């Protein structure tokens with residue numbers, strides 16, 4: 001069983017290689033078969049492994065493929081380590097990835113660069129799998145950067161548009177800023193532990209560090225730097241909304257289901273380090289809380305369907321960070337899984353809408369799609385309900401409620417964090433249903449060409465089902481008490497217990513959360529469906545409009561970074577294009593040339609100058625001999 | 001015949017004459033003037049030798065003067081021949097006109 | 001005798017200054033003769049009467065006359081004098097004058113600073129000693145002088161000969177262009 | 001004897017290539033190709049013959065010593081260890097490619113071109129092999145002069161300026177090295193009475209601190225200019241951008257590496273105490289180079305010039321690593337030398353391909369080539385990614401090891417060096433964007449790579465992937481000689497070598513950030529505080 005481990009990432013890589021090598025010569029069908037098939041087989045192997053894993057319940061599977069290199073006791077391997085945490089991740093990556101690939105064969109059917117698209121997608125899935133299965137941080141870093149590369153290639157897939165290229169580079173560069181912090185973290189870890197093997201570090205860290213030791217805090221913060229970069233959290237979140245420039249399946253794959261959750265994975269994977277550094281862990285929670293609010297407000301003001309979803313992604317990952325930050329490890333991972341289902345679903349629905357409306361992404365140009373696209377409408381509604389965490393029926397409710405509960409009641413809990421989470425839930429409902437109402441209700445504004453085909457609707461339906469039933473594997477203990485998921489993770493991640501006093505009143509807070517999300521739906525209904533005049537009156541207010549603009553541009557972070565970093569860098573580079581140091585050497589050459597001109601005056605055939613030279617020489621010699 | 005001429009003064013005279021000749025070489029463009037100036041300088045040098053010879057009561061200074069004299073005579077004859085030649089070729093006595101190796 | 005020296009020195013300097021400031025070549029040469037004569041007097045005061053005689057005969061006589069002959073051959077006119085004037089602008093002579101002044105100052109410093117034992121009275125070195133030394137230890141120099149003079153004669157003859165116009169190779173391009 | 005053959009084949013091949021032009025115009029190319037391939041074969045044979053495991057005891061694989069000018073103590077010493085072997089393999093590999101890329105590019109005086117090319121290679125081979133300082137200087141010059149001709153005769157528009165600049169920079173700095181060599185020679189002679197240029201004997205010279213410092217600066221002058229380190233780098237962009245493609249490849253791939261090699265081979269073992277003193281400054285220079293080169297690369301519009309500045313940036317890592325004095329960093333440097341030779345060489349080759357097709361190097365005139373030339377695009381993408389240090393490609397291993405090593409020596413400088421990686425991303429992506437992605441300002445035909453060009457590019461891709469995924473053979477080959485270079489940095493021998501009894505603290509692993517830290521676990525590493 002263990003020996004199959006390497007196949008999971010290797011198959012997508014193989015698919016990518018084949019597509020790169022023979023891409024231009026393959027027919028679209030064959031390219032699709034390779035592209036989808038490689039991920040599909042990976043998913044099957046994952047399933048096989050998963051069944052084995054769940055039945056035998058070993059601590060982990062481990063396979064060393066080969067020793068990467070070995071220098072003076074630094075021996076990272078290409079080795080895979082599969083435990084419950086990675087299991088959840090590879091399950092989501094391969095299955096959701098497979099569905100998205102399947103969907104993409106229809107979505108990208110008219111694209112001339114079909115095989116290039118699938119090559120990048122496969123490479124992406126492969127890198128992501130390496131990331132979550134790596135047994136050491138260096139291999140994880142390989143996957144980490146590979147994911148960044150693929151996001152660059154896929155966001156800039158339609159490369160002829162310079163704006164897309166800009167978005168792609170922005171994504172790569174900003175995430176790389178985070179990666180740099182992480183790399184420094186790796187240097188420190190290596191210096192302290194002499195290895196980058198994750199399990200070794202996790203085992204030895206508690207002995208090496210006291211709780212709250214400065215080193216632990218610094219390492220944890222550096223790792224957090226990497227995580228916020230990849231996961232689009234404050235302060236490195238600005239790349240993610242722009243990343244919607246890529247084709248929609250890319251958005252679904254990279255920016256909803258998998259890549260952006262790499263940060264969540266990293267923090268969960270290195271949880272020991274964070275537990276040893278409470279300050280850093282609190283920072284994780286605060287970053288999550290602030291991000292989820294900021295992104296939520298920004299999502300409220302977007303008109304581009306995909307940008308709303310992008311901001312909602314940032315916001316939802318904020319929830320995961322919040323969960324990790326308060327020590328509710330399994331809740332964060334649970335939310336990751338559920339989020340992957342419904343966010344992929346939402347993105348794919350959005351893609352179906354965009355495709356049907358001839359690449360129209362502005363929600364103001366949509367409306368009334370409920371009738372013309374019933375399948376998409378219903379699945380989108382399920383996804384939206386899950387995102388808004390409508391109580392009882394949706395998976396999103398159970399995962400988000402768990403996070404909110406532990407934010408308050410957990411040992412790292414805190415009223416302020418809880419309040420932020422609750423407010424976020426409220427905003428989430430508003431923007432989610434604003435989206436639903438604007439898109440599917442009201443009168444139709446754009447002509448609908450042809451309804452989406454089977455290859456598009458089947459993944460939607462599967463994901464919609466998962467978005468609903470996914471929640472039932474983990475129910476709160478006063479309500480069914482199903483703990484399948486946290487049991488699965490229990491050997492890997494520590495559990496969490498709620499405070500006794502609050503635990504008695506858990507139902508109260510569940511009710512509160514439910515009320516907030518329902519309230520949000522109601523507000524959206526009020527503003528966008530029932531009485532749009534209310535919205536117009538708000539819009540007349542100057543402050544509201546200013547706030548709207550501010551939120552619309554993502555709290556001005558882009559402008560800030562632009563003036564703070566980009567422009568000075570470009571300016572610095574441009575003024576020095578001719579290399580100021582070189583002017584020293586050319587200056588030196590000029591001086592020599594000057595002497596040349598001067599001295600050649602004494603040899604130019606004019607007799608007096610020769611004499612003059614002799615005289616000057618005589619004076620110099622005399623002077624020197626007098627002085628000495 | 002005994003005098004008390006100060007040797008320093010005599011050397012000074014030689015120096016001044018030499019300088020005047022030198023200035024003349026430097027400022028004149030006319031080749032004949034330059035030749036004349038060279039004569040002045042040679043003469044000044046001869047004077048310096050005489051002074052030295054007198055100072056140490058040795059004949060060598062005067063002998064040097066005789067050699068200088070000989071040399072000056074030869075130099076003037078060759079120099080004047082060259083000047084004639086230059087004048088015939090260039091139709092001018094301007095020494096700057098002969099700067100064919102201008103750098 | 002000392003007074004004679006100083007007067008002669010003053011005359012020499014003055015006349016030399018006149019030489020180098022004249023525009024007319026003949027005037028300059030006449031001053032040059034005066035300068036040489038003054039120097040001859042100086043020689044005399046320094047106890048070298050024979051040298052004084054040689055100075056007068058060869059410098060003031062032969063050499064200057066030779067130059068005058070050449071000048072006469074060249075047909076100098078008033079235009080040449082005028083051009084000489086143009087060439088001798090202050091801009092051209094200030095620099096060299098300063099340089100020479102510096103050199104002179106250094107020479108003076110050397111002469112004055114060196115504390116040589118004061119010389120006694122001037123003792124004439126008469127021509128006989130000179131002659132003995134010349135044909136004694138310096139005989140080689142005398143022979144070399146002879147060769148030099150011969151070479152001078154041959155060279156002057158060769159160079160000064162008015163051949164049919166021979167253009168030096170440096171000048172060929174120039175004349176071709178002209 | 002095989003070592004002599006390595007050099008002689010190239011020199012004779014060069015002469016033959018020159019002469020054979022008279023018989024047939026294509027002959028020089030084939031002769032050059034065969035000469036380099038023969039050397040590549042010999043080097044490969046040497047490598048495969050000695051399994052890495054047997055390298056244990058003495059790092060030297062082959063040694064040849066013949067007295068040359070015994071009166072002056074000049075010997076003809078060639079010696080090969082793992083480091084030299086790797087460098088030779090790189091040289092011949094890139095040399096083969098250089099011959100291949102010139103196949104169509106060089107049309108004038110092809111005989112003389114190949115003569116120069118082979119003699120540069122011969123000079124480089126000599127530099128990597130010789131262990132006699134006199135001979136070393138000789139080869140140092142041998143590789144300089146043909147390079148001057150390569151730039152000056154077959155270069156682009158501004159070639160004369162570039163060639164002079166290159167020559168003056170390297171020659172002037174080389175003379176300083178000659179002074180230092182002579183200084184070392186005389187000091188050694190006056191101490192022991194044996195006047196010799198033999199490297200192995202000079203290693204034992206005891207030097208007063210002041211003398212050691214001065215001599216080290218003499219050597220450093222040559223190597224830092226060649227490398228180049230930032231204030232001395234300005235010859236490089238000109239030389240690289242004006243040279244013909246083969247010249248750029250040799251310059252970037254090999255000539256710069258001789259500087260790095262010199263640092264490793266001579267500066268480190270000969271002047272340990274002085275080097276330790278100088279280390280923080282050298283590392284600072286490295287970091288400045290990394291950042292400065294990266295910033296400048298970003299604004300260049302001439303593709304070759306841009307790549308040249310990336311070289312400046314990458315070479316910063318080398319000096320950063322050399323003066324970290326530990327095995328990780330030095331292994332990283334060896335990897336960096338090889339990986340950078342390949343990746344930058346490849347970028348220059350791509351620039352050459354583009355120049356052949358478009359007759360311009362200005363990236364503002366390029367664009368949209370991704371759709372026209374997808375093969376070239378993919379290959380360019382791989383090497384651009386290599387240059388920004390993507391894991392899985394050789395440069396990543398190099399940079400990561402270097403940084404891990406330098407982190408042990410100096411935290412803050414390493415942080416800034418790591419920031420250089422972000423800047424590398426910025427300029428690297430600009431290449432892709434401007435050349436391949438962005439729409440072109442004008443329509444121009446661009447045929448994709450021919451099979452000859454693929455023959456050049458494919459091995460490079462395979463090599464860089466191999467280096468990134470399984471670098472162990474390279475690391476194993478280099479290990480013994482790196483250990484040898486670091487021998488002088490064991491705390492005990494450091495004190496022994498310094499004449500004054502001032503105990504020089506080794507650049508011990510400093511954990512500056514926290515006081516609660518203790519060494520949790522004893523690890524390997526060359527200057528563990530005992």
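Glycine is no exception: its Cβ is also placed from the backbone N, Cα and C atoms.
Source: prediction; values computed, not measured.
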Transmembrane segment according to TrEMBL, located in which of D:56-77, D:166-187: D:166-187
Transmembrane segment per TrEMBL - which of D:27-48, D:445-466: D:27-48
Contact between the transmembrane segment (D:410-432) and the transmembrane segment (D:306-325) (3 or more Cβ pairs under 8 Å, separation 6+): yes
Stretch in D:110-129, D:135-154, D:246-266, D:337-355 most in contact with the transmembrane segment (D:207-225), if contact is a CB pair under 8 A: D:246-266
Highest-contact recorded stretch vs the transmembrane segment (D:85-103), from D:27-48, D:135-154, D:306-325, D:376-398, CB pairs under 8 Å: D:27-48
Contact yes or no, the transmembrane segment (D:337-355) and the transmembrane segment (D:110-129), 3+ Cβ pairs under 8 Å, gap 6+: no
Contact set, same chain, for the transmembrane segment (D:376-398): CB under 8 Å, 6 or more residues outside the stretch: 310, 314, 317, 332-333, 335-336, 338-340, 342-344, 346-347, 350, 353, 369-370, 421, 424-425, 428-429, 431-432, 435-436, 448-449, 457, 460-461, 463-469, 471
Folded-back contacts onto the transmembrane segment (D:110-129), same chain, C-beta under 8 angstroms, at least six residues removed: 3, 6-7, 10-11, 13-15, 17-22, 25, 28-29, 31-32, 35-36, 39, 78-80, 84, 87-88, 91-92, 95, 98-99, 102, 135-136, 138-144, 146-147, 149-150, 153-154, 246, 250, 254-255, 258, 261-262
Long-range neighbours of the transmembrane segment (D:306-325), counting only residues six or more past its ends (CB under 8 A): 224, 227-230, 233, 236-237, 239-241, 252, 256, 259-260, 263-264, 267-268, 275-276, 278-280, 282-283, 285-294, 296-297, 300, 332-333, 336-337, 340, 344, 347-348, 351, 363, 387, 395, 398-399, 401-403, 405-406, 408-410, 413-414, 417, 420, 423-424, 427-428, 430-431, 486, 489, 506-507, 526-527
